[in-house]
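*Asks:* Dropping the structure in here first, questions after.
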Amino acid sequence: MGFWGRNSFEADKKHILVTGGSQGLGKAIAKELVLRGANVTIVARTVTKLQEAVAELSDSKIHEDQQVSFESVDLTSYESVHSMIERLPFCPDHVVHCAGSCIPGFFTELDPSVFEKQMRQNYLASVYVCHAAIRRMKEISPSYSRRILLVGSLLSSLPIIGYSAYSPVKAAVRNLADSLRQECILYDIEVSVYLPSTILSPGYEQENTLKPELVLQMEGMDSVQTCEEAASHCMTGLDRGDFLIANESTGHLMKNHCRNSSPHDNPILEYLFALVSLLAWPFYRRKLDSLVYQYALEKGYRQPSSSRNSWIFTLLLTFTQLTIFYLSLNCLIENPYRMLRNTFPIWFIMQTLQIYIQSPRPPLTPKRLLAGAASMLIGSLLISFILVAFGAPLLHDFHLTYFCALTLSVFTVYPLASTLAFNTEQWQRFLTLKSFNVIGSMQLRSWGPIIGAWFGAFPIPLDWDRPWQAWPITIVIGAFLGYAFAAIVGEILQ
């Protein structure tokens with residue numbers, strides 16, 4: 001009944017039906033119930049597994065007259081489920097529906113029959129068990145609280161790639177629990193739903209043989225629990241009278257992120273979880289999306305694409321950099337080396353922000369940042385040699401030449417290296433001006449400083465004898481003007 005009217009979960013001497021109780025989480029929950037003195041009937045399809053499970057569970061009995069039995073039933077057949085529950089010598093006090101299966105795979109690579117099978121094994125089996133059980137349970141009104149527990153999945157609140165046949169039906173199971181919770185008030189029956197995350201079970205091991213490499217990679221970030229640990233968390237939630245039960249921190253965050261109209265079990269704590277998930281989820285989602293995008297590029301599923309929603313940020317950042325450069329202009333004329341040295345960290349930080357916002361996914365990571373920074377340093381040396389080849393000082397004022405090259409590199413090599421990495425095909429497209437559809441205005445922003453610096457070199461040899469003609473002032477000014485012009489034109493074209 002949730003926070004305002006929760007009932008305790010009584011198991012001792014009660015008759016409890018556990019579907020999916022022959023192995024995995026179902027058997028672990030059944031064992032917890034047996035240890036509490038319950039009379040447990042486990043339900044599954046394979047008789048040999050049921051017999052082995054009953055023998056194992058019987059060793060945990062705490063009462064001499066305690067009963068542990070099994071029923072072999074096809075839960076995807078309503079006639080079989082209804083017949084089984086009707087012929088039980090007792091009316092179930094509690095029902096734990098843990099049966100189900102998961103068939104992972106990419107949506108387009110799964111046969112349509114898989115979706116039908118998942119619907120039958122996960123959702124319709126839940127409907128059949130609940131329907132037959134409630135019809136019998138409503139005929140009596142005991143003095144103690146009764147409970148129906150549906151085992152769903154965290155994937156009902158956090159669906160990810162590879163589970164398009166599984167996540168939707170588990171979401172349907174959760175919604176079924178929401179509907180039954182209110183309707184079962186008519187019969188004084190409590191309803192709860194358990195949303196566990198990854199559990200080490202026989203089913204999980206079988207799933208791993210079917211999962212695409214990407215799904216295994218994404219799940220490598222998750223915490224994993226044994227069936228016994230997950231069963232213990234489930235029992236704790238039942239003891240508290242919770243409606244939505246989770247077994248780890250991500251589950252608590254996501255169940256509150258997607259709570260909808262479900263009752264609150266602990267409002268203060270759950271509002272806090274909801275706030276944290278509201279703030280954290282966009283970053284976590286972007287991380288997951290980035291893994292998918294990178295996988296798509298590596299496997300050739302698609303071509304890179306540029307971000308289309310960063311034009312305001314790009315123009316704002318360009319204006320900010322241009323303003324800082326304008327305010328530093330006198331310093332550039334008076335002491336070019338000091339200005340270039342002191343402003344370099346500013347350009348580096350701003351370009352890092354620009355890369356993160358606009359570069360094709362995946363977003364900036366420490367590894368990509370280091371690769372881009374290393375390429376920037378190497379690029380600055382190459383640009384220095386190019387400048388020297390065109391007449392820049394080699395021995396005298398080489399420090400000016402190098403910091404001019406480093407400034408050019410942070411606006412050209414750094415964003416490109418962080419975005420294109422070591423993809424030679426994309427570098428060829430950039431050099432041949434064919435990658436605008438890939439990196440958008442970044443292509444123009446990279447060419448802009450180069451062209452601007454080239455034009456900026458024109459006034460240096462002229463006999464005007466002006467302070468701003470000193471090396472490499474006009475080249476730096478031209479590079480910044482070229483960058484600003486290219487950024488504006490690039491965003492307009494994009």
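The first residue you see is number 1, and the count goes up from there.
Cβ atoms are placed via backbone N, Cα and C, with glycine included.
Checked Swiss-Prot, it gives:
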- 20-24: motif 'GXSXG' (MOTIF)
- G20, S22, G24, R45, K49, D74, L75: NADPH binding site (BINDING)
- L25, V54, Y166, K170, I199: NADP(+) binding site (BINDING)
- 148-168: transmembrane segment (TRANSMEM)
- Y166: active site, proton acceptor (ACT_SITE)
- K170: active site, lowers pKa of active site Tyr (ACT_SITE)
- 264-284: transmembrane segment (TRANSMEM)
- 312-332: transmembrane segment (TRANSMEM)
- 370-390: transmembrane segment (TRANSMEM)
- 402-422: transmembrane segment (TRANSMEM)
- 444-464: transmembrane segment (TRANSMEM)
- 473-493: transmembrane segment (TRANSMEM)
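Mind mapping these onto the model and telling me what they sit next to?
*Replies:* Outside the motif 'GXSXG' (20-24), and at least 6 residues removed from its termini, the chain residues within Cβ reach (under 8 Å) are 30, 40, 42-44, 46, 49-50, 52-53, 70, 96-100, 151, 199, 201-204, 227.
Other C-beta atoms found within 10 angstroms of the C-beta of S22 (NADPH binding site) number 26, with every protein chain shown included.
Counted within 10 Å of its Cβ, the other Cβ atoms near L25 (NADP(+) binding site) come to 28, all protein chains included.
Counting every protein chain shown, the number of other Cβ atoms lying within 10 Å of the Cβ of Y166 (NADP(+) binding site) is 25.
Cβ environment of K170 (NADP(+) binding site): N122, G152, S153, L155, S156 lie under 8 Å away, each six or more residues apart in the same chain.
Within its own chain, the transmembrane segment (473-493) has Cβ neighbours under 8 Å at 311, 314-315, 318, 321-322, 325, 329, 332-333, 336, 340, 404, 407-408, 411, 436, 440-460, counting only residues six or more beyond its boundaries.
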*Asks:* Assuming the binding residues for NADP(+) are exactly those in the record, L25, V54, Y166, K170, I199, what is the maximum CA-CA distance in angstrom, rounded?
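*Replies:* Taking every pair among L25, V54, Y166, K170, I199, the longest Cα gap is 29 Å.
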*Asks:* Rounded to whole angstrom, what's the largest C-alpha distance between any two of G20, S22, G24, R45, K49, D74, L75, listed as binding NADPH?
*Replies:* 18
*Asks:* If you count other C-beta atoms within 10 angstroms, which of the binding-site residues R45, K49 is the most crowded?
*Replies:* K49
*Asks:* Which bits of the chain, at least 6 residues beyond where the transmembrane segment (444-464) starts or stops, bring a Cβ under 8 A of a Cβ in it?
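*Replies:* Same-chain residues near the transmembrane segment (444-464) but 6 or more away: 390, 408, 411-412, 415-416, 430, 433, 436, 471, 474-487, 489-490, 493.
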*Asks:* Got a sec? Which of these binding-site residues, V54, L75, I199, has the most Cβ atoms within 10 Å?
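*Replies:* Checking each of V54, L75, I199, the winner is L75.
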*Asks:* What is the number of other Cβ atoms found within 10 Å of the Cβ of G20 (NADPH binding site)?
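*Replies:* Within a 10 Å radius of the Cβ of G20 (NADPH binding site) lie 26 other Cβ atoms.
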